[in-house]
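What TrEMBL records for this protein:
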| type | residues | note |
| --- | --- | --- |
| DOMAIN | 1-675 | domain 'Myosin motor' |
| BINDING | Gly89, Glu90, Ser91, Gly92, Ala93, Gly94, Lys95, Thr96 | ATP binding site |
| REGION | 524-544 | region 'Disordered' |
| REGION | 548-570 | region 'Actin-binding' |
| DOMAIN | 733-923 | domain 'TH1' |
| REGION | 975-994 | region 'Disordered' |
| DOMAIN | 998-1056 | domain 'SH3' |
| COMPBIAS | 1094-1103 | compositional bias 'Polar residues' |
| REGION | 1094-1173 | region 'Disordered' |
| COMPBIAS | 1115-1134 | compositional bias 'Polar residues' |
Amino acid sequence: MTLLTTISNESINENLQKRWINAEIYTYIGGVLISVNPFRDLGIYSEEILQRYKSKNRLEVPPHVFSIAESAYYNMNAYHENQCVIISGESGAGKTEAAKRIMQYIAAASVGQDDSIQQIKDMVLATNPLLESFGCAKTLRNNNSSRHGKYLEIMFNNIGEPVGAQITNYLLEKSRVVGQVENERNFHIFYQFTKAASDEQRDQFGVQGPESYAYTSLSRCLDVQDMDDIQDYSHTIHAMQVIGLNAQEQNEIFRILAIILWLGNIQFVEMEDGNSSIADTGVTDFVGYIMAVDSSMVEKVMTSRIVETQRGGRRGSAYDVPLNPAQATAGRDALAKAIYNNLFEWIVSRINISMKARGNTSQIIGILDIFGFEIFEDNSFEQLCINYVNEKLQQIFIELTLKTEQEEYIREQIQWTPIKYFNNKIVCDLIEERRPPGIFAALNDACATAHADPAAADGSFVQRTSNLSSNPHFEARGAQFLVRHYAGDVMYNVAGMTDKNKDALIKDILDLIASSRNQFLQTLFPDRSDPNSKKRPPTAGDRIKSSAGALVNNLMKAQPSYIRTIKPNQNRSYTEYDQKAVLHQIKYLGLQENIRIRRAGFAYRNAFEKLVERFYLLSPATSYAGEYIWKGDPKSGCEQILKDTSIAREEWQMGVTKAFIKNPETLFALETMRDRYWHNMASRIQRAWRNYWRYKNECARRIQRFWKNNKEGLEFAKFRDYGHQILAGRKERRRFSLLSYRRFMGDYLDVNGQSFLGAELRSACGLGAVEHVAFSSRIQLLVSKLGRSSKLSPRFLIVVPTTIYFVTAGQKDGRTQCTLERKIQVITTKAISMSILRDDWVALNCNASEEGDPVFHCYFKTELAATLLRLSQASINMSLGATIEYSKKKDKKAQIKFIKDEAVSKDDVYKSHSVHVASGEPPSSMSRSPAMRKPGIVHPIIRGKLIQAGEASNKAKAVPKFSLAAQNLLANPTTASANEPASAPTNPSLPSPSKNLVEVKMYKAKFAFQGQEGEMTLKKDDIVELLEKDVNGWWLVKKDEQEGWAPNNYLEVASPKSKIPPTPKGVPLYPVSTPSTSSSTPIVPNILSSSVMADSTPFSSSDRAPAPWRKPVGNVSTGLADSIPTNSRTSRSLCNKAALPVSNKPKPAPPPLATKPSTPQGLTKPIASTGRYSRVGMQVNEHISTESSTASRQLSLAAVVRTCFLWSDPAHL
């Protein structure tokens, strides 16, 4: 807009309106971006549009918030200076959205793709949904209004990789927790939690719908248009997981939210003596339960206060003073606000711990997203603090863009025409100065002189404000006062200001929290002020003034970029442009003065030395072959460079210590010439080395050809074919058994390795340190029980050259222990029996034995059979038939019948000596042919644009770590089989809310309505069920089994009464310290539950076939893909946690609940599925491990190949 013909507020307004109507919401005033909220999705933040702004200066692309982010990131790398983006504007103008888009761009544009760098990027982006849930709320002006300020600092190393981040929080509006005006909402998280909480959370914390709580329902606004609280809740949970909050921390956070919600439901009634009493003691009982405190103490703290007298600075007597209902309500609300405020501070601190810098920090990009200027009908202490911070930000803008710039022109003796502007420093001094006392100082004095009586303190503050009348921006009006801010006049109400400024909890409430057995709740209140201290504790005004001062200092240390947001209307309409409201914003933002200074001023200025240092390459007089050769003074060097680059004389001026360049186009031209210089030099180096790298590439290709035909790969192919041969085309195959390439590990439990599980198994079997294990795997052993049918039970199977071991796992004396159950000599095995169908059952027919023949289910059956045949030198017979015959005992024969059943979808099902299994691949099937390899992508040297100075080349991506899913192993042989779910372990029952929750939305008729055909006739106060909402204002409702349409303005939500969940008798929240003896099932920790099988396909990529012999990265076991079921389920019950030692006091009896509609029939909790062990992925990774001598040789060859290709990429030169 610096090119406008007429510079006036009206012409600026007209230009913004035209662009806004054409969906062009961004405009520049020099380097300042003006953003007008469109109130709709324009589709301008996609990945495609983001790529258009990468490595482009702002004159090459249309105005956009991405361009501001690109400029900040580029300048940080090019000039090695800290950057900050200051976003300002009134509430609802789009500040938070702009901050999110800047984070989106920086995360996408910054270099670095390894795990730690990507994790920091993900965490930075995850802070948005998390802090929005806990720090944003619906207001009359904005559906997603930030009720706190935050300054996000992203830390980068010297090559531009993000290595950490830190968030500073400013002034959370905690008063919103306990009350909102009509048609506003509490913080989003309360509605997300009450609508989408899990069944377990509802049982544990008594969570009901938002209409059941006073803190969420009194404003009569439970839903927000275009906002899905249930979906947002899932985003919040995902953000917590990305940040690194574990399940225990998440559970404690939701416990705190439940405490706050139930605190709001404590109601007080006035007794005859004027004192207060709890209306429903059942609520306080339940609050005490979830807070883990004595419920009688909760009731006492809510209705009375202990007052101590002092005599001569010493403590006197203590009195128990009862509270009236108003005082009791204020104390209850103070506790709720303090808990939520401290919870929010803890979340911010926890985020900062997760995002702590993971390397040396060189530069920082700061993003300031802070609350906008606010003017309401009733403005109090919160609005004063918010508007004070906005005054400080406006002062920074004036200092850096208006005042400082003009002062610098005078100091540097630059020809300049001064421009008048309003300096708001006088308003900042009015609020923050100590001498003469400002508003904050007067508040502190009033709190100190009349600290015991809030009303007296407010009166003292009114008297002290009379001393401020000499300031032209202040006007006292009795119990109110007016401040003339830069954005408009605001009338503030004095009532309650001193109490809010003290911001202190009474001792009784702090003692209540300190008595809690919940450690997390105590963590939220770590410090308590010393009552005997003579020093005045800091007030809320002191803290916000200190925070604002620290923020200003941080911003002044960085190079700022500005985004000025404008709200086009107050109705959030995408078609309405309120010229009067926008004109007011244009005036107080000072856009007209900014345009005048930009047109008359200079876009760039820098010290002579720095300008010569940056652009010396552009003049033959200052450089030769990239070397600095100038011998004169820096000022003459600047003049020489500007002359040799043919920059017009009117485009620059020389000051006393700095060079000034008028237009940004000139600076961009210099930067482009500088970038081309290095680009051309890099091209020369590339041409000089190209022949050499061509030779290196040819060597690499020869190594690859040798690698593909090495001995180890052939051995795996031979072993695969041997597996086909022993089945001799007699058994149907699974699809994954016919893979073209697969690495046969054999030792899937890593008994030969150094893992904990391998060491335990080796010890249990009594194997020596050097004794080699040929095969190991998890199996399901068929166990016979007297008088009952046989059941499957998990075991470990270990095969050494001479012996077969069966091992079970359990826990003894709190320590995991593996026990040898049975061992069989390989030489005593006569035959291996399998069916002819595609199942995974195996029987080892041995010589006469008292224990009989083992029959088990093994996914690697073909590899097991091949291994045993090799160890026995083919002396064991292979028996395949429609049944498997085996000996239950020495002289008792039995058989298992196999039945083809297409109703079985994926896995086989065993019941009563019969196995049902679906059809598989034909018995004659053979492994598939290797897939054709996809040719590699050739990257061009130049990607159609100039390479920016300081831009890092593309780095090779780190190999992603392969994670194994957690796996449990049952050691109890009586565990239920796959088709008979096992019962879940018995846990102490927790308090459950009322089951009579509202399942449908019920509405009440406000007026009588006489319906016609197709419409519903209503009488006043009729209750109807909502079936459908139509955009035309008519709703489909149901009453007395009849449906019909009714006007929505005749209906209102029928809010049910709050209900208190019943609590099981005699069950405390925390288990007692005595050891539990309720279950004899051994406990196996997760370290013995490392998985070995999975559903994932053993391909590393779909576009090229992996080599069969390449090892996956890390200690990852892969297995024979002979039969990989996809529907197995995780076995349970071996991870029960020990009880926590706490009080044995029983839980209080639940209060009576009001009548609610009963839960519909048939809605029951789903039963957790149990069954066989789940499988871990047998994914064949194409990278090379260093676990064996062969793998070491592979690594050496791979290193050569990787090095060759790395040097062949021109981007690495």
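Just so it is clear, glycine is given a Cβ too, placed from its N, Cα and C backbone atoms.
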For Gly89 (ATP binding site), which residues of its chain lie six or more apart in sequence with Cβ-Cβ distance below 8 Å?
Ser35, Lys95, Gly372, Phe373, Arg564, Thr565, Ile566, Lys567, Gln585, Leu589
Would you list the DSSP helix, strand and coil counts for the residues of the domain 'SH3' (998-1056)?
3 helix, 29 strand, 27 coil
Output field, ATP shell: CB within 8 Å of site CB centroid, site Gly89, Glu90, Ser91, Gly92, Ala93, Gly94, Lys95, Thr96 dropped:
Asn37, Asn142, Gly372, Thr565, Lys567
Sort out for me which one of Ser91, Thr96 has the most neighbouring CB atoms within 10 A, since those are the binding-site residues we care about.
Thr96
Which secondary structure state does DSSP assign to Lys95 (ATP binding site), in the simple three-class scheme?
helix
Residues satisfying Cβ distance under 8 Å from Glu90 (ATP binding site), sequence separation of at least 6:
Gly372, Phe373, Glu374, Ala487, Thr565, Lys567, Gln585
Give the mean pLDDT for the region 'Actin-binding' (548-570) on the 0 to 100 scale.
91
What does DSSP say about Gly89 (ATP binding site): helix, strand or coil?
coil
Sort out the sequence-distant neighbours of Gly92 (ATP binding site) for me: same chain, 6+ apart, CB within less than 8 Å of its CB, listed by position.
Asn37, Thr139, Arg141, Asn142, Ser145, Gly372, Lys567, Gln570, Arg572
